[in-house]
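Enquirer: Structure incoming, see below.
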Amino acid sequence: MPDLPAPDLFTIDLLRNYLLVGAALFALGMLGFLSRRNLIVMFLSAEMMLQGTALSLVGFGRYHGNWTGQVFTIVILTVAACEASIAMALVVVLYNRRSSLDVTLWQDIREATVGVATIDEAAEAEPIEVVPGIESYPQLTPAGVEPAHPVQSWTERRR
Amino acid sequence: MFTGSMLFTTFVILLGAGGVYLLLPHRHGQAKTQTVYIAGAVLAGLGLVGFLSFLSAPADLDLSQLDKLLSAVFFYSFSASALGCGVMTVTSRNPIYSALWFAGVVLSTAGLFLLAGAQFLAAGTVIVYAGAIIVTFLFVIMLAQMEGKAVYDRSARTPGAAVLTCFLLLGALVVCLVDTRFAPVGANTPGQPRNPQTFLPRGRELAEVHQLHPTNLQRIALAHALRSTSSIYTESKQEKPDVAGLGESLYADHLLTVELAGSLLFAALIAAVAITNPKRPVRPGDPEPIGTSV
């Protein structure tokens, strides 16, 4: 048995710290991906899951004393950049179709064999009534009669 | 077996789950009062503090060793800011604020990378994520959602089930990680080979052992699996400089990976250009184009 190298400063307790923080970031990202309806926030949450994974990989690589974790994190960075570019392209295209970033409006992007969802989530999840509170939008008192102005379809901003 | 530490873990996870559930938007988009937000923030903060108590400080922590104290302090602050910014990313109503909080997550993670001795990755993460991806996200948000808050940002999709699922996963992972006790690394009796069940053998230790494997075949296989270019340490057991060692490993052991990453970026560029095919502009007098009306 040869004498093993001197004890590394990066002990298994430090590795466990990194794994715990990575696991928490992963779970938070999964929560955002499952529960938010804005497509951009969903992609941000997916990036957060990737960050948690990268943290675990770097901790493992440092513990084992090799570069493999960091190399794989670089691969993750590359894939995240590709994913972001394609996702943003998809967001722009889908926004042009539906004028909204709501993912529940895009239930028809599915295989023909998968049945339509039994609950119309897009209709169900609309606000029931505007409750006065910190989230309600400010309202101005209507001032007089709205002047008649010609509305041209191409000058309207999509919303 | 339900030990005390498991009970504490469950309590902390439940605190965090309750706080995050209160902070998430309502299922039907109803407004929540400020009291609910304050209660959610308090619960989530308590859960965060409890989660930080799972992290083990360096064992021989005394004030005389300033470097260890500093690294512990920085580790705790980076972890806390990463998790806090993560919660704010998930629960923010305004997607612009979500993107900015995510930049906070990225910066904190870069700090953690620095503490783990990955300087190149820390710089690369900040440059790629905070410098490029966040800006792209913000650009698309400004392009597609100029008025800020939208109706669908004020309502979450099955928040209860999502919180249950994700915090169940987190609780299982935390219980696995916290309740696993490894023997201290230096605690073996000299002359005796250590039991692999009681510790997690390091790759560098395997690399030391491979030279005295009995058969030639095993030695060659292990020497191929654990090459000297892939080790953080040089032959004289000194740490290699970060960027030099990473570059050496990247272009010696993982050359095919680099080529694949480049090809992937190129394919993604072409795909993004192909997907965002510009539409023909709508002129006055044209019929309504198909697909614009919901």
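Here the Cβ of each residue, glycine as well, is placed from N, Cα and C on the backbone.
According to TrEMBL, the transmembrane segment annotation covers B:6-24, B:36-57, B:69-87, B:99-120, B:126-144, B:156-175, B:255-275.
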Enquirer: Can you tell me which parts of the same chain pack against the transmembrane segment (B:69-87), counting only residues 6+ beyond its ends and a CB-CB cutoff under 8 A?
Expert: 20, 23, 44, 48, 51-52, 55, 57-58, 61-63, 101-102, 104-105, 107-109, 111-112, 115
Enquirer: So, taking each listed stretch (B:6-24, B:36-57, B:99-120, B:126-144) in turn and counting its Cβ pairs to the transmembrane segment (B:156-175) that are under 8 angstroms, which one gives the highest count?
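Expert: Top-ranked stretch among B:6-24, B:36-57, B:99-120, B:126-144: B:6-24.
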Enquirer: Can you work out which residues elsewhere in the same chain, 6+ from the ends of the transmembrane segment (B:36-57), have a Cβ less than 8 Å from its Cβ atoms?
Expert: 8-9, 11-13, 15-23, 72, 75-76, 79-80, 83-84, 87, 174, 177-178
